[in-house]
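First comes the structure, then the notes that go with it.
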There are 2 protein chains.
Amino acid sequence: MELKEIGEFGFIERFSPEFKSLLTKNVFGIGDDCAILPMNDTEDLLVTTDMLIEDIHFLREKITPWQLGYKSVAVNLSDLAAMGATPIGTFLSIAIPPGVDVEYLDELMKGYHAISDRYQTPLLGGDTTKSVKHLAINVCAIGKCPKGQAKLRSGAQAGDVVCVTGSLGDSAGGLQVLLNQLESNEDTYYLLKKHHQPEPRIELGETLVNLNRVHSMMDISDGIASDLKHILKASGKAAKIELNKLPISDQLKRVSQQQNWQPEELAVGGGEDYELLFTLESSLLEPLQRLFLEQFGQTVFPIGVIEKGEPEIHWVKEGKKVQFGKTGFNHFQ
Amino acid sequence: MELKEIGEFGFIERFSPEFKSLLTKNVFGIGDDCAILPMNDTEDLLVTTDMLIEDIHFLREKITPWQLGYKSVAVNLSDLAAMGATPIGTFLSIAIPPGVDVEYLDELMKGYHAISDRYQTPLLGGDTTKSVKHLAINVCAIGKCPKGQAKLRSGAQAGDVVCVTGSLGDSAGGLQVLLNQLESNEDTYYLLKKHHQPEPRIELGETLVNLNRVHSMMDISDGIASDLKHILKASGKAAKIELNKLPISDQLKRVSQQQNWQPEELAVGGGEDYELLFTLESSLLEPLQRLFLEQFGQTVFPIGVIEKGEPEIHWVKEGKKVQFGKTGFNHFQ
């Protein structure tokens with residue numbers, strides 16, 4: 001049987017039940033953005049890992065080595081942020097093909113160091129090896145958060161407001177800029193940068209982890225159409241999302257208009273935004289918006305609500321139900 | 001500049017000093033088999049990671065998927081054993097090329113589960129992705145050991161006895177069996193199995209970590225000619241190693257005789273033995289040998305002594321100095 005018939009999650013479901021019996025008390029393994037392990041009386045340990053493969057996740061001639069180093073760490077720190085953790089350190093495995101020279105690697109490690117320095121997260125170890133043809137990078141990141149407080153996907157409650165921490169679809173737009181070789185201007189540069197150099201929402205996660213009325217959280221790596229479903233499945237809830245409330249940047253709107261893209265579809269299905277997606281009690285929305293604005297200059301965008309029901313997303317545009325499929329949004333008749 | 005001009009360790013030396021300033025108190029990063037981090041009042045956390053790349057570390061048609069799954073975990077658990085740690089869990093990143101089907105992956109995960117079960121070490125998370133051509137596997141393993149007790153490479157003292165926990169060169173012999181397509185018999189099967197399915201020395205490491213008179217330790221992944229030098233450099237000491245004392249299996253001796261191999265050279269330069277290499281106060285040797293034999297049916301092999309001096313290995317055979325170079329051992333004139 002070919003892997004594409006069952007997909008990544010189908011593969012994981014084949015083996016993960018067997019490993020569950022090996023779990024000890026208070027250890028949470030496969031199924032959230034990070035694993036959670038007891039560390040001491042006040043803190044839990046969180047661990048995550050992500051692999052970037054050349055010609056699958058990046059094109060070596062399109063992303064600078066500095067950005068690749070930065071992004072390798074960023075996508076992992078975003079998984080820590082997704083549960084509210086503070087980073088402790090990272091581990092880098094890198095498989096280097098012929099033709100990748102020392103100068104390239106120096107630049108890659110400068111990007112790696114820049115984000116490590118920004119989040120005070122040391123590189124603690126790793127593995128360096130040869131590869132036949134493609135550059136492969138694996139980063140494992142560890143972090144900590146207050147004991148028992150890590151935000152899970154499974155806590156969403158009916159009535160919760162669904163929020164995101166920033167504009168959606170910019171990274172997917174950046175990928176389109178790259179694939180369609182659009183000419184460089186301020187707007188396309190902005191989208192490309194969002195694609196190549198995402199910023200993990202560490203400080204926001206560290207704040208949200210302490211708020212009991214935040215019930216569930218993850219980061220947006222595959223697009224909310226896919227990611228929000230993980231929250232809904234884990235929580236046994238439905239959601240209603242209003243397309244008009246999706247935060248879409250002016251840059252993406254302008255480029256989309258020129259290129260005849262549908263920005264809502266990039267926002268919903270594109271992925272790699274690395275914003276936080278979370279649900280909270282509606283009473284917390286306004287105080288949180290004020291707090292984030294004052295403390296971080298950061299807007300919190302409510303985009304819908306959690307409802308009772310089967311784990312499905314009900315998309316709404318101007319009061320009407322729409323359906324999101326492989327070809328984008330379709331109005332119901 | 002091409003990477004081969006400076007090598008893996010040259011590359012690591014280029015960036016590791018910059019990351020040292022990010023280390024916090026009691027955190028040990030790059031330079032030992034694992035990183036060490038404070039966990040709680042009684043235990044430290046140890047973390048290691050290793051990558052296996054198709055056509056660099058293994059040939060997909062030569063190793064069974066079960067063995068590949070087993071070995072992916074084994075080489076990481078061996079790094080934990082190398083410092084005396086008890087495994088807590090592993091994280092698997094796997095990049096899957098077209099042509100690797102679900103049945104292959106099921107077998108791989110069965111091997112992964114077998115060793116996880118044996119050492120009660122759950123798979124806690126990971127990343128599954130596509131690859132263009134080559135199978136790439138990264139495992140990150142975490143473990144714990146008594147606070148401040150992890151065995152480092154840097155503790156060797158003059159007068160220490162240098163010991164190993166099992167026969168050397170079998171895995172390198174197995175690789176030769178494979179590359180030369182030797183015919184299958186009990187001896188070649190034994191060597192192949194040692195190459196494809198190494199056993200991490202977890203229980204031995206867990207015992208050695210509690211013995212203060214064991215001063216330094218690591219595992220043998222590149223061969224003692226290379227690995228022991230890490231201990232010598234970290235400790236600022238020299239070593240005298242007696243070739244006649246290297247434990248060499250009867251199987252390797254017999255196949256070597258038939259094939260005109262030099263088993264001592266495989267033992268010293270071959271690597272992937274995943275035995276423990278450690279140094280201890282000479283007064284502990286006999287009691288430890290008795291303890292290991294009684295408790296584990298395990299022989300401890302003393303192969304030489306630590307001496308004052310530049311970090312070099314002095315090889316001795318039948319009382320005479322010999323030199324180990326790229327073409328093997330040469331007698332001094």
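Placement of Cβ uses the backbone N, Cα and C atoms for every residue, glycine included.
Proximity of A:D33 (Mg(2+) 3 binding site) to non-local residues of its own chain (separation of 6 or more, Cβ distance below 8 Å) is seen for A:T48, A:D79, A:L80, A:A82, A:M83, A:R153, A:M218, A:D219, given in sequence order. According to TrEMBL, the Mg(2+) 3 binding site annotation covers A:D33, A:D79, A:D219.
Under the heading Mg(2+) 1 binding site, TrEMBL lists A:T49, A:D50, A:D127. In the three-state DSSP scheme, A:D50 (Mg(2+) 1 binding site) is classed as strand.
Annotation source TrEMBL lists Mg(2+) 2 binding site at A:D50, A:D79. Annotation for A:D50 (Mg(2+) 1 binding site): spatial neighbours A:S72, A:V75, A:N76, A:D79, A:N138, A:V139, criterion Cβ-Cβ under 8 Å with sequence separation of six or more.
The substrate binding site annotation in TrEMBL covers A:H57, A:E272, A:F329. For the recorded site, A:E272 (substrate binding site), the DSSP three-state label reads coil.
Residue density at A:D222 (Mg(2+) 5 binding site): 16 other Cβ atoms are found within 10 A of its Cβ, drawing on all protein chains shown. TrEMBL lists A:D222 with the feature Mg(2+) 5 binding site.
As annotated by TrEMBL, domain 'PurM-like N-terminal' applies to A:31-144.
Among the features that TrEMBL reports, domain 'PurM-like C-terminal' is placed at A:157-309.
Taking A:D222 (Mg(2+) 5 binding site) as the reference point, none of the binding-site residues A:T49, A:H57, A:D127 has a C-alpha atom within 10 Å of its C-alpha.
Report note: the Mg(2+) 3 site is defined by A:D33, A:D79, A:D219, and the residues of the same chain whose CB lies within 8 Å of the CB centroid of those residues, excluding them, are A:C34, A:T48, A:S78, A:L80, A:A81, A:A82, A:M83, A:M218, A:S221. Filtering of the binding-site residues A:T49, A:D79, A:D127, A:D219, A:D222 by Cβ separation from chain B (threshold: under 8 Å) yields A:T49, A:D127, ordered along the sequence. Each of the binding-site residues A:T49, A:D127 was scored by the number of other CB atoms within 10 Å of its CB, and the largest score is that of A:T49.
Each residue contributes its Cα atom, and for A:T49 (Mg(2+) 1 binding site) and A:E272 (substrate binding site) those atoms are 16 Å apart. In the domain 'PurM-like N-terminal' (A:31-144), helix, strand and coil residues by DSSP number 34 helix, 46 strand, 34 coil. In sequence order, A:M51 constitute the residues six or more apart from A:H57 (substrate binding site) in its chain with CB-CB distances below 8 Å.
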